[in-house]
Structure formats: structure tokens, C-alpha cells
Amino acid sequence: MAVSSAFVVSPKLETLLTDPHNPSSSPAPLGMIPIRPLPMNNRTRRGLIQRARCEISASKAASISALEQLKSSAIDRYTKERSSIVVIGLSIHTAPVEMREKLAIPEAEWPRAIAELCGLNHIEEAAVLSTCNRLEIYVLALSQHRGVKEVTEWMSKTSGIPVSEICQHRFLLYNKDVTQHLFEVSAGLDSLVLGEGQILAQVKQVVKLGQGVNGFGRNISGLFKHAITAGKRVRTETNIAAGAVSVSSAAVELALMKLPESSSHARMLVIGAGKMGKLVIKHLVAKGCTKMVVVNRSEEKVAAIRKEMPPSVELIYKPLDEMLTCAAEADVVFTSTASETPLFFKEHVEILPPVADARLFVDISVPRNVGSCVADLDGARVYNVDDLKEVVAANKEDRMRKAMEAQDIITEESKQFEAWRDSLETVPTIKKLREYCERNRAALVEKFMSKNGNGMDKKTRKAVEDLTRTLVNKLLHGPMQHLRCDGTDSRTLRETLENMQALNRMYGLDVELLEEKIRAKVEQK
């Protein structure tokens, strides 16, 4: 029977021990202890047991040695620094739709992605915001440079897109810039349509799906929760989402505004199922319309739109040759076709049966689908693209003013979040200081008991334990009081962080915090 064993360097620790500023450097040697095959007898067994004990001792020594080397290595320059919040993103502003499609991560896969990202060497926390317009990965990184490199490689691996191509289209933001960006995204200031509301719901979904997921930690979850607060404040205090800012949305809003109040069940007809027609249908649905007739050359496009609608929405397809019949049964007619000649002339409309007020023709086509002569009829009112452009321009100008007001809110909310995050810095120091004092107290009590505790009864032993714990707690009371703040007062926060730095230096706690970070990443593997 042959027995062999060796101490193998952990790949994760090997990576962490490599000097990030020197690609040619190699990991610190931890040593390897081979055991040669030997025939088994009692003497051999004793030898193997002794050798195994030596190996365990060597492994422990190697681990300690590795950490000692880590403290003085080049990695120490960034590991001792505060971890950074980083966003690696590709959006409609920076990347083509073909790339965004390949990078997109379905909501159901967000927890898995967080787990994989936090398995990377330099990533502590993570979140994914993936929509049709953007993929943004938010991480808390031990190292900015290495964290970005690892996440970009992960994106390449999951999408099949080369790293070099991702780098051409990605954007990178760090710490306070990340906070500012996400708050603007949540408020709708980074959207194609300024102030659109869907993105806030998507930010909320990140928090909902992240609950209970390892890796959606205190820093990143706090960032997203505060972004929701900022987004809500902007919408409430500026009303930035009010007013149509596209021709199709303006067409729907104008039609609904012109209808009499009694026309809550107005009959809607949409002629044309192209891009603009589809947008009109979507805006009508968003305004509560659940039934409409759609006239188009073929049913294929209408069927595709129908699949995107909620089950409660009824889209009735009619061919183009039934257009006038459908118009006779409609209160509002939206036209958006590519026809080079008008579909409706005066003679077509004047024979249509009258409606309660007047039949509305909202023409968003260029060239126009409704002849100008139709406006001369008493029973018809016609609005074209020029009428709508004025509405859109006025609304856009109003939203831009509101966006400037929104920036003041975002700046205020960003300061509050950064102060809260700064206040978290003292938590590890509080924990380590207590552990340091308890370790020394327990060692001194143990030393005292070994010399003087032979004749001591249990009651006296307990009294010694209680006395020393009380003494330690009283001595720690002052430092602990000066390590706690909620971040609401900038002066108090500044003093608290100064106290933390002083205690870290005096007791060498920063070294222990460093070791804990590295051990956690090594054990995570």
C-alpha cells in the first residue's frame, strides 16, 4: 500500500500573493512536503504519523508565513486601503444593441451572477442591473484595477464577446461617481426619455431579488436602497415624468385631452402597425385602453405586437381594404403609415356616420395620411406632426428645468449615502478591538489560574472571570462611544474616523483586518 501527500498552494492565495505591479513576479513559495511510498509496518506507521504531524505544522507555518509576506508585499498598498465601489457598465449611450443583447442577464439569473462575481479573487459584494438599455455590474472590490479586470473577463466569458471589444464600449466609475450615476439612473435622468418611470421599478427589482443572496452585502444593498429613495424624491418633488416627450406619446395624450369627459370608453382605431403605430398602441395601453382596432396591410406585425401586450388587452386586426368601415365605428383615428398619398380625403370623411362630439384624426405620418381638407368638416378635428412637435418641445424644455432641480436632490442624497457608508468603516475596528481585549484578558486569567488556581473553588474562579470582564468593558466603554456615529453629523463623523485610525495604529488592528480579508477570500474558494 502506498501513501502520498503534499501541501498545495491555494490558487486564490497564489493570485493574491502575486505582485499586481510586476506581471513577471511569482507567488511566495509555501513549500511542498512529499511522502515517499513505503512498505507498511508498525515502525513505518509511527513514522508516517510523525511525518503527518510535521506536515500539519508546516502547513500552519506556511499559512502564517504567507500572511506575513502579504503584509509587506506590493499587494499591501491596495489591500489596506478601503474597498472601492465600482460599476462596470455598457448602456444605450455607449454600446450597440447587438452587444447589449449578448451581455444581457435575465432577472432569474441575477442571484447566480452575484455568486459567481463574489467568487472572483478581489470582489466582496455585487449586484446586476440588466435592462434592454443597459447592463451595469456594481461591485465592492478589494482592488479597483484587479476587480475591474476580473469582472470584465467574467463578462467576456459569459457573453462570448472578446475583452478588447467590451473595453471599447464599457464605462467605469468609482465610489462617489458610482453613487451619483446610480441615483441619476434611478431618477430617470440617464434614460432616453428624461424622467421615464420604468427604470425605478427595475432598480427596485435588484433589491427584491438580492434579498438573502450571499454577496448582495451591506454596501451594495445600501447603495441600491438609497437610490430608490433618491428616485422617488426626484419624481415626487419635481414631477419630472409629467408631459409627453415623444410624438407618439404626445399623440395619445392630446387625443385623450380633446375627448369629452363622458367618452371614457372611446373607440380607438390605429392605422399602421410599424414602429410609430406600435408606440401609439403601447401608450394607449399605458393610459388604460384595453381594446382597439388595428388596420394594417398584413396581420403578422399586429400578431407580434399582441404577444407583447398583457392578456387583458384586445387588439383586433383588420385589413387595409376595411379601413373606412373601421373609421365609421371609431371615435379617434390614429394614422402612422408610410403611404405617400393621403388615406383620408374630405369626400371619405363626410360620409362617415357622426359621433357624439367630433371624430378626432391624429396624424403622425410624414407625408400626411389625412388630407388638410378634412379639417374643413364640422364633424372632424385633425392634428398632425407639427401640432404635436410644439407639445413635445414644451414638455422637453419643462423636463430639462426639472432635471436641474433633480440634480440638487441627488447631490443631497449622495452626501447622505456617502456619510452612512463612512460610518460603517468603524464596525470592523469595534469588533477587532473587543476581540483583542478579550484575547488578552483570557490569556492573563489562564496564566493566573495555572499558578494560583489549584485551591480555588468554582465560585471564586467565576468571580475572577466576571471581575476581569467587567474591568475590560469599563475600559472599552470610552473608546466604543467614540467609534459610533450614524453619519448624520459631518463633524462627528470626521472625529469618529480619526479615532478609528488612531486605535488601528495603536493596537495594530489594521493588520488583523487585512489578514481577515485575505483569509475570507482564500476560504471562500
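Glycine too: its Cβ is placed from the backbone N, Cα and C atoms.
The domain 'Glutamyl-tRNA reductase N-terminal' annotation in TrEMBL covers 88-238. Residues annotated as domain 'Quinate/shikimate 5-dehydrogenase/glutamyl-tRNA reductase' in TrEMBL: 253-391. The domain 'Tetrapyrrole biosynthesis glutamyl-tRNA reductase dimerisation' annotation in TrEMBL covers 405-509.
Within the model, the domain 'Tetrapyrrole biosynthesis glutamyl-tRNA reductase dimerisation' (405-509) carries an average pLDDT of 81. Look at the domain 'Tetrapyrrole biosynthesis glutamyl-tRNA reductase dimerisation' (405-509): DSSP puts its residues at 90 helix, 0 strand, 15 coil.
Helix first, then strand, then coil: DSSP counts for the domain 'Quinate/shikimate 5-dehydrogenase/glutamyl-tRNA reductase' (253-391) stand at 52 helix, 31 strand, 56 coil.
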